[in-house]
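Participant: Have a look at this one.
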Amino acid sequence: MASFRLALIQLQISSINSDNVTRACSFIREAATQGAKIVSLPECFNSPYGTKYFPEYAEKIPGESTQKLSEVAKECSIYLIGGSIPEEDAGKLYNTCAVFGPDGTLLAKYRKIHLFDIDVPGKITFQESKTLSPGDSFCTFDTYCRVGLGICYDMRFAELAQIYAQRGCQLLVYPGAFNLTTGPAHWELLQRGRAVDNQVYVATASPARDDKASYVAWGHSTVVNPWGEVLAKAGTEEAIVYSDIDLKKLAEIRQQIPVFRQKRSDLYAVEMKKP
């Protein structure tokens, strides 16, 4: 398939888990009726975002929320990137994305490897590591193209995107919830940088903005092409963002500016230490 439609669901998150899941499934169905073949939910789609919420809302995978995602992926015959949920496993908590195929099978599970610990004086202090543990593995899976997964803060680490490109990824998806400090400064910049550096499509799915929340998400779910152009971008409100992923266009860009062939592997390397 030379091109396919991607949909990003910028969901308004409430404190009621079941409502979040039900509404997410409704938007997934709507996206499928509009021709989306791959659909992504935002980071922490089933719960408020915050260290005090992660233990309360944590689930096993498979579990109640991911079972609903499996069912709707099969119903709609789509690839579904399940944003992320707080996952509990063996006494530890993770920020985890589950991916489902068109037959409802669990294709992949990715645990955020770079935890969001920052301190910007007078602006924001946040430590995911207070309650979460980091993952320790990469995640790629095959759809109409090969997809690489990261979650939010992972996008700041160029090495992750480079390794995904080396592994043949043509689309990188980052469910994420930047904030009102980092969002306006870095959200689009990082996406365009990752896209141009690695000649890939980059997509981000954010929660919709809720100014009354303890953590206010930036919103602006986005799709960027390998030329660094913004193809589609939401505002701050609840929305579905659609974009056609053109693999022929990607191949043309890689042929026109052949950086992969021109890398000086005799002088430098970015390598994967662990599969």
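The backbone N, Cα and C atoms fix where each Cβ goes, and this holds for glycine too.
Feature annotation from Swiss-Prot assigns phosphoserine to Ser26. Annotation comment: Swiss-Prot describes Glu43 as active site, proton acceptor, evidence class sequence analysis. Marked as N6-acetyllysine by Swiss-Prot: Lys68. Under the heading N6-succinyllysine, Swiss-Prot lists Lys68, Lys123, Lys130, citing similarity to another entry as support. Summarising the annotation, Swiss-Prot assigns active site, proton donor to Lys112. Feature annotation from Swiss-Prot assigns active site, nucleophile to Cys152; the stated evidence is sequence analysis.
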Participant: If one measures from the C-alpha of Cys152 (active site, nucleophile) to the C-alpha of Glu43 (active site, proton acceptor), what distance in angstrom results, rounded to a whole number?
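Facilitator: One finds 7 Å between the Cα atoms of these residues.
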Participant: In whole Å, how far does the CA atom of Lys123 (N6-succinyllysine) lie from that of Lys68 (N6-acetyllysine)?
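Facilitator: Between the alpha carbons of Lys123 (N6-succinyllysine) and Lys68 (N6-acetyllysine) there are 37 Å.
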Participant: For Lys112 (active site, proton donor), write down the residues of its own chain that are at least 6 apart in sequence and whose Cβ falls under 8 Å from its Cβ; none is a fine answer.
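Facilitator: For Lys112 (active site, proton donor), the qualifying residues are Ser84, Tyr94, Asn95, Thr96, Cys97, Glu128, Leu132, Pro134, Gly135, Gly150, Ile151, Cys152, Tyr153, Asp154.
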Participant: Measuring CA to CA, name the entry from the recorded positions Ser26, Glu43, Lys68 that ends up nearest Lys130 (N6-succinyllysine).
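Facilitator: Closest candidate to Lys130 (N6-succinyllysine), judged by Cα separation, is Glu43.
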Participant: Measuring Cα to Cα, how many Å separate Glu43 (active site, proton acceptor) from the residue listed as 'phosphoserine'?
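Facilitator: That comes out at 17 Å between the alpha carbons.
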Participant: For Lys123 (N6-succinyllysine), which of the three DSSP-derived states applies: helix, strand, or coil?
Facilitator: coil
Participant: Return the residues near Lys68 (N6-acetyllysine), defined as same-chain residues 6+ apart in sequence whose C-beta is under 8 angstroms from its C-beta, sorted by sequence, else 'none'.
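Facilitator: Sequence-distant Cβ neighbours: Val21, Thr22, Cys25.
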Participant: Looking only at Cβ atoms, how many others are within 10 Å of the one on Lys123 (N6-succinyllysine)?
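Facilitator: Taking all protein chains shown, Lys123 (N6-succinyllysine) has 11 Cβ neighbours within 10 Å.
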Participant: For a quick check of packing: other C-beta atoms within 10 Å of the C-beta of Cys152 (active site, nucleophile), how many?
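Facilitator: The answer is 26 other Cβ atoms.
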Participant: So, three-state DSSP: helix, strand or coil for Ser26 (phosphoserine)?
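Facilitator: Note: Ser26 (phosphoserine) is helical by DSSP.
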Participant: Once the DSSP letters are reduced so that anything not helix or strand counts as coil, what is Lys68 (N6-acetyllysine)?
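Facilitator: It is helical.
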Participant: With every protein chain in view, what's the tally of Cβ atoms within 10 Å of the Cβ of Lys130 (N6-succinyllysine), excluding that atom itself?
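Facilitator: Excluding its own Cβ, the number within 10 Å is 11.
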Participant: Could you tell me which of these recorded positions, Ser26, Glu43, has the greatest number of Cβ atoms within 10 Å of its own Cβ?
Facilitator: Glu43
